[in-house]
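What follows is a short report on a single structure.
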Amino acid sequence: MEQGLRSDGNNPPSIDKTRVLDVKPLRCLAPVFPSPNGMSSVSTPQPSPFVCVPPTGPFPPGVAPFYPFVAPNDSGRPGESSQQTPSGVPNQGGPFGFAQPISPVPLNSFRTPTTANGNSGRSRRAVDDDDYSNSQDQNDQFASGFSVHVNNVEDSGTGKKRGRPKKPRRAQQAEGLTPVEVDVEPLLTQLLTSFKLVDLDQVKKADGDKELAGRVLLVFDLFRRRMTQIDESRDGPGSGRRPDLKASNMLMTKGVRTNQTKRIGNAPGIEVGDIFFFRMELCLVGLHAPTMAGIDYMSVKLTMDEEPLAVSIVSSGGYDDDGGDGDVLIYTGQGGVQRKDGQVFDQKLERGNLALEKSVHRANEVRVIRGVKDVAYPTGKIYIYDGLYKIQESWAEKNKVGCNVFKYKLLRVPGQPEAFKVWKSIQQWKDGVASRVGVILPDLTSGAESQPVCLVNDVDDEKGPAYFTYIPSLKYSKPFVMPRPSPSCHCVGGCQPGDSNCACIQSNGGFLPYSSLGVLLSYKTLIHECGSACSCPPNCRNRMSQGGPKARLEVFKTKNRGWGLRSWDPIRGGGFICEYAGEVIDAGNYSDDNYIFDATRIYAPLEAERDYNDESRKVPFPLVISAKNGGNISRFMNHSCSPNVYWQLVVRQSNNEATYHIAFFAIRHIPPMQELTFDYGMDKADHRRKKCLCGSLNCRGYFY
């Protein structure tokens, strides 16, 4: 440093090693400026006098110009370039003065030069991540924590910023679209209050149970669906806003989650066979904490030193995993995935891979979540909790591109309910590879529905239910007369979210009630569907309950409750199942309540997110349906005090006539082969009470 300040830098200064220096911290030092003439050099340092120097000089003695205000080459040291000039940015020639100003140089010219091999930093997708797929949009990326990275991601190969592609908003005024602004914060607060999730204590956050985990997942799904409806109304379908990420982020910010404590073994409240449509659902209930990485692990002190042990893995096709026969899984370690720049490398025995290797020797149980493609949404996935496995062995081998990868063979712990095996069996039934055991009729509907409904009994020798006539929809003796003609929509291509010119959307409070996947986005007292006078086609989103069941269903014999109904396909929360078909009868004009649906009974509300400002919130007349002599598959749906299906009142209007229907929707995600049940309601007169055999934790002991 001294040499740089001396005019003669050839002779190094002599150092007096006998002097004792008073060393002080930098923050205690004050700048010392050259003493003016006539003043002692040891006096108290004074502030430097203010000197205004123009960029081009003249400069006071001892002050050198710096780039970009550097003197020209003829300033006294010809042939020497400034050491402060960035490489690749030439000095400006010619006389240096205001008459000839220099060109401005951007600040990014001062960046550190790149290496010859280019930037080898992390690519946009972490190399140790398992593939991450949701049923919305794949543009966002999550780290292994909970921070969302959505914009301005640096591309290491080009140096250009690359992030979520911004989709131009549709010209709302030109297309007749009116954005509906809704504050979601009060909506979330209302949901959390209704489900008693405000200010969860630390004990429940650390260790949950089935009831709490169910409430957390239900609030997440209700809130996510409502935000999907709001986003589509504002930006149109396919806006790619990822309401699942926003909903989960808001919930976790408010501390709404459970099973935060990492553990080996099952997560409390999560049953083997439970399904999830979003990776964030796994995080909220503590089944698998990382939002992208396929391996979750924890540090355990078993000896003098801590060592990592795997607690859960997600196998969803990101690597060359082998699903085996349902009890065996060959899992590929993380890392070594080909990057965007084409580089490939060997996997390393670190982090998750090291934890799996340690678990081989410790023989601890590992939770396994299998991901399968969502047939209804090709870019999405469904995550199945397949229970506990143990790692039997591990080895290294070459993959398809010649790099070393780690392989782990996991065996399922015996004695657990079947989960992934059920999915494989159902696929074999659909493909005709294997036959369904106990089939009495291959299609109970005789072709009346678009999907066949088989009749199955693998319990006893009963050959089927009592005879009835299958009718796919509701029969009215006469429609309900409206006091004034109802408006009909003119959406030739189908009703679209945010279209203020659509009369049916206006009747639903400015929102379409269904998503493009047929999911009910918000629960209302009354849903207005398109009627026969509307111009939209039969496949319009607002005719969801008019097309019959979308899932492959079966009627089966239960062990102690007669015949029941279940699905071969997974059903999303809010997914449409079927309508209650039969004959509309007068209220109170029935003595036998078997195969009766009575809308006048008292039903427990599902949630607090109801539009109580809706003028049509009350049923205009008591709706009672009898399916004893004629009906559809809904007549086989049994009662439960903790149901997984909820009914909604739907009206279809045409001119001055209207018909009311009962449509069933899934309350939460329903895995295949789980019985579909709904609450039959409470009779106001408390008549015809029957013993309940639903077996749920909240069973009342009776039903009507």
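Yeah, the Cβs are placed from backbone N, Cα and C, and that goes for glycine too.
Annotated features in Swiss-Prot:
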REGION    1-21  region 'Disordered'
REGION    68-176  region 'Disordered'
COMPBIAS  80-90  compositional bias 'Polar residues'
COMPBIAS  109-121  compositional bias 'Polar residues'
COMPBIAS  159-170  compositional bias 'Basic residues'
DOMAIN    265-412  domain 'YDG'
DOMAIN    487-548  domain 'Pre-SET'
BINDING   Cys489, Cys504, Cys530, Cys534  Zn(2+) 2 binding site
DOMAIN    551-681  domain 'SET'
BINDING   Arg561, Gly562, Trp563, Asp593, Tyr595, Arg635, Asn638, His639  S-adenosyl-L-methionine binding site
BINDING   Cys641, Cys692, Cys694, Cys699  Zn(2+) 4 binding site
DOMAIN    688-704  domain 'Post-SET'
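If you take the Cα of Cys641 (Zn(2+) 4 binding site) and the Cα of Arg561 (S-adenosyl-L-methionine binding site), they are about 14 angstrom apart, rounded to a whole number.
Broken down by DSSP into helix, strand and coil, the domain 'Post-SET' (688-704) contains 0 helix, 4 strand, 13 coil. Computed over the domain 'SET' (551-681), the whole-number mean pLDDT of the model equals 87. Annotation note: Cys504 (Zn(2+) 2 binding site) sits in a helical segment as assigned by DSSP.
The DSSP secondary structure for Asn638 (S-adenosyl-L-methionine binding site) is strand. Sequence-distant contacts of Cys694 (Zn(2+) 4 binding site), defined by Cβ-Cβ distance under 8 angstroms and a gap of at least six in the same chain, are Asn638, His639, Ser640, Cys641, Ser642, Thr677, Phe703. Taking the Cα of Cys489 (Zn(2+) 2 binding site) as the reference point, the closest of the binding-site residues Trp563, Asp593, Tyr595, Cys692 is Tyr595.
Checked against Arg635 (S-adenosyl-L-methionine binding site), the binding-site residues Cys504, Cys530, Cys534, Cys692, Cys699 differ in C-alpha distance, with Cys692 being the nearest.
Highest Cβ count within 10 Å among the binding-site residues Cys530, Cys534, Cys699: Cys530.
Taking Cys504, Cys534, Cys692, Cys699 as the binding-site residues under consideration, the smallest Cα distance to Asp593 (S-adenosyl-L-methionine binding site) is found for Cys692. Rounded to a whole number, the C-alpha distance linking Cys692 (Zn(2+) 4 binding site) with Arg561 (S-adenosyl-L-methionine binding site) is 9 angstrom.
Secondary structure of the domain 'Pre-SET' (487-548) per DSSP, as helix, strand and coil residue counts: 11 helix, 7 strand, 44 coil. If you compare Cα positions, Cys504 (Zn(2+) 2 binding site) sits closest to Tyr595 out of the binding-site residues Arg561, Trp563, Tyr595, Cys699.
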